[in-house]
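This report concerns only the one structure given below.
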Amino acid sequence: MRHRILRNTALASGAVIFAAFGAAAEPFKWASATDPQTMDPHAVSSAPVLSFLNNIYEGLVRRGKDMSIEPSLATSWVPLEGENGWRFTLREGVTFQDGSAFNAEDVMFSYERASSEASDVRSWFAPVTEVRVVDDYTIEFVTSAPNPLFPDSIANFMILDKGWAEANDAALPARDAENFATMNVNGTGPFMVSSRDPGVKTVLTPFGGWWDEATHNVTEATFTPIGNAATGLAALLSGEIDFISPIPLQDVAQVEGRDGFKVLEGEETRVIMFGFGHEHDKLLYSSDVTDKNPFADPKVRLAAAQALDMASIDRVLFRGKIEAASQLVPAGISGYSEANADRPAYDPEAAKALLAEAGYPDGFSFGLKCTNDRYINDEALCRAAASMFAAVGLNAELSTGPVRDYWPQLREDDFDMYLLGWSPGTFDMEHPVRFLLHTQDDEKKLGSWNFGNYSNPRVDELLPLVQQEIDPAQRQAYLDEIVQITQDDVAYIPLYTQPLIWAAKENIDLTQRADDFFMLRWVTVN
Amino acid sequence: MVYFILKRLVQSVFVMLAVAFLAFALFRFVGDPVSQMTGVETSVQDQEKLREELGLNDPFAVQFYRFTTDMLRGDFGFSYRTRQPVAQMISARIPATLELGFVALLISLIVGIPAGVYTALRPRGVTSQTILMVTLVGVSIPTFVIGIMLIFYFGVKLGWLPTFGRGGTVNVAGWETSFLTVEGWRSLILPALTLGVYQLTLTMRLVRAEMMEVMRSDYIRFATARGVPMGRLYFRHALSNTLVPVITIIGLQFGGVIAFSIVTESVFQWPGLGLLFLESIRFVDIPVMGVYLVVIALFFVIVNMVVDLLYVAIDPRLRVRDAT
């Protein structure tokens, strides 16, 4: 089942010939744990898909190496005058990989496609009430309220060619069954797919007609998914691949100890935290306290936070590679509250005193739910945390399981305390406030990952203010207040920012972006 | 003979139905496909709508009925993970698994039978004892450890053989084969050894035990007394009489090799059915899991049938009975 995209071959071979005259042009092979499920940029909103397709398709804006927003298919954008929304001026002279020209009709079409019922990325367009094509290179997005972050929030909104999609019967994302766009691509980006065998191998070649100047020197890039971590490491060390992401922490020493290989370490934007069943009226997994929920008391939640020795967890489980977290986003993300950068100090004595004050001098037992295949060292982390909790009298009955089973359990309130990792999709503090801190509200689609239903009326009041505030200082003041409130309430126990650990051959230069996306256009093979 | 095959095929339908039923009964405990199919920002209502669309809210009986009737009509459905037709995904992966299983079987027979004969004839020899020891060790170590050890020795340390994947494949009439390129064969060696080592040990020990038994029997003694040449005695008279049980076990094992090459395929990133099944479990890809299990059941039935037919070919007594 090898699909070759013949139409692209002519362009691809042109690019290869061109590149062959360059002095240092090289093929490049890389591996990652998961194959992108689809080549359709609107069908599945998962990191493997969006990361991969960002090499092929482009949005109106894109993120730079430091995650900042920069012009891509739009050259500039300004707020609309007299109404809420944004006007984007589009880049002229851009062509799709099949040679057809890019203009505002394609953006309009892509908007309709991405906001359709069958799309998995339609939540990005929830604030949008109307889209207007002004002329061939100007398009306006009208929003229901002021939305200063709208351009940032659509960095992964990828533009398809209207003519191509309609001609190939792919005007809607393939939700239930495949369509042409599941296997075939036609973007404006730096790479195009020359062959794809799902789950086995995908070969990309540079797009010679890309509007931007290519800074990479890759002539052909081959991607192989390798699910087994040991196999992936062996493939790197035997030289069959040039780069792999991620590698397990325990293999770091193996790679560093060998000549010709290097480990790339960075910080992801994902914050790992414990959450509580705030609205539960009793514990589900306790053997001693069965008539009430001690975690409803902020003192008990604070005691739990003080029981955790992050320095030891860092040293023992993570080889010193994690950064302790004070709030739901790491420092450096927009909206991060500098004013509230301290997390509760490790203090088991104070924790015991707080428990006694709350009426549990001998502690109590409860159930702690964790994943065992979702985050780095997640199971080990929970074991360590359980023993630290036990030291102050909080006896955690730990149960761990694969992630495929995990979210449904949390949705059904089947926990006393649980583990969660959150990466802010928009790279802004507003994102976790919307999903994790706002009271659950299915109508307004808010608080959808706030499993324990933490609820504070002031936080709910502040969220729309944050979303609509144009003045950065005022906006930050609102966010500072939210962080302050949720820290005082101990809504969650933020633990640390998850590290990003990749490995490559010594002669590969690449950029490790904090969203764990891998961009081929920043690869240099020396 | 035709009647026999037909009867087997009818039986196989029931076997597959039973497997499908059991598989379906288990799927509800595997996890929630919808939370795997959608991104984090997808609203709860949209998830619920998708669940409804996929028919996941229907009672078990309805889902099972739909699955079996669709299958009988030849409609295998679409993967939740890739949205591709399941029939296409499964059939694309079959060559990889069959070729791997076939080479593993070949290795186990080519090495296992002579080694079994040898160790039976010289049970106390140093070589025999060494062979027995080594294979015992080989069979006691879990498959994935053997695989990783082979990868790190031959792939990473010596750099002789590829560590993952199928290498070069050639498409012959829709069948992706590794057999026609050097790179393909190089890629086959390590996974086939890993998968075959258990089979090899089993074959060898079985041949050895049967052979020792036969060698004690009267007709071998008479043949020896009659002065039948040793080579002819061992291989024509003795070995062929050991083959019926050996074929039974090997045949049944071959079904297992194909069905449970999951571990080997995962360690070598071998793009076969087993790897597909593993990926499908991770994503709770129910349509693929269902079809995979039914296909494997069919495969077992076919292997059993072939084994029965081979008996007839090997044992003349069965042929006589069939003729009457």
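For all residues, glycine too, the Cβ spot is worked out from N, Cα and C.
Since we're looking at a predicted model, the values are computed, not measured.
The domain 'ABC transmembrane type-1' annotation in TrEMBL covers B:94-311.
Note on the transmembrane segment (B:12-30): residues 60, 63-64, 67-68, 71, 281, 284, 286, 289-290, 293-294, 296-298, 300-302 of its chain, located 6 or more positions outside it, place their CB under 8 angstroms from a CB of the stretch. Feature annotation from TrEMBL assigns transmembrane segment to B:12-30 (among others).
Annotated transmembrane segment per TrEMBL: B:100-121 (among others), in sequence order. Below 8 angstroms of C-beta separation, residues 127-128, 131-132, 135, 188, 191-193, 195-197, 199-209, 211-212, 215, 234-235, 239, 246, 250, 254, 257-258, 261, 264-265, 270, 272 of the same chain, each at least six residues beyond the ends of the transmembrane segment (B:100-121), sit close to that stretch.
Under the heading transmembrane segment, TrEMBL lists B:133-156 (among others).
As annotated by TrEMBL, transmembrane segment applies to B:188-207 (among others). Nonlocal intrachain contacts for the transmembrane segment (B:188-207), taken as residues 6+ away from its ends with a CB within less than 8 angstroms of a stretch CB, comprise 99-101, 103-109, 111-113, 115-117, 119-120, 131, 135-136, 138-139, 143, 146-147, 150-151, 154-155, 161-163, 166, 178, 239, 242, 245-246, 249-250, 253-254, 257, 261, 264-265, 267-268, 270.
Residues 96-98, 100-101, 104-105, 108-109, 113, 142-144, 147-148, 151, 163-166, 190-191, 194-195, 199, 202-203, 206-207, 210-211, 213-214, 277-278, 296, 299-300, 303-304, 306-307, 310-311, 314-315 of the same chain sit 6 or more residues outside the transmembrane segment (B:242-270) yet have a Cβ under 8 Å from a Cβ within it. The transmembrane segment annotation in TrEMBL covers B:242-270 (among others).
For the transmembrane segment (B:290-314), same-chain residues at least 6 beyond its ends with a Cβ under 8 Å from one of its own Cβ atoms are 4-5, 8, 11-12, 15-16, 19-20, 23-24, 27, 67, 71, 76-77, 86-87, 90, 240, 243-244, 247-248, 251-252, 254-255, 258-259, 273, 276-277, 280, 322. The transmembrane segment annotation in TrEMBL covers B:290-314 (among others).
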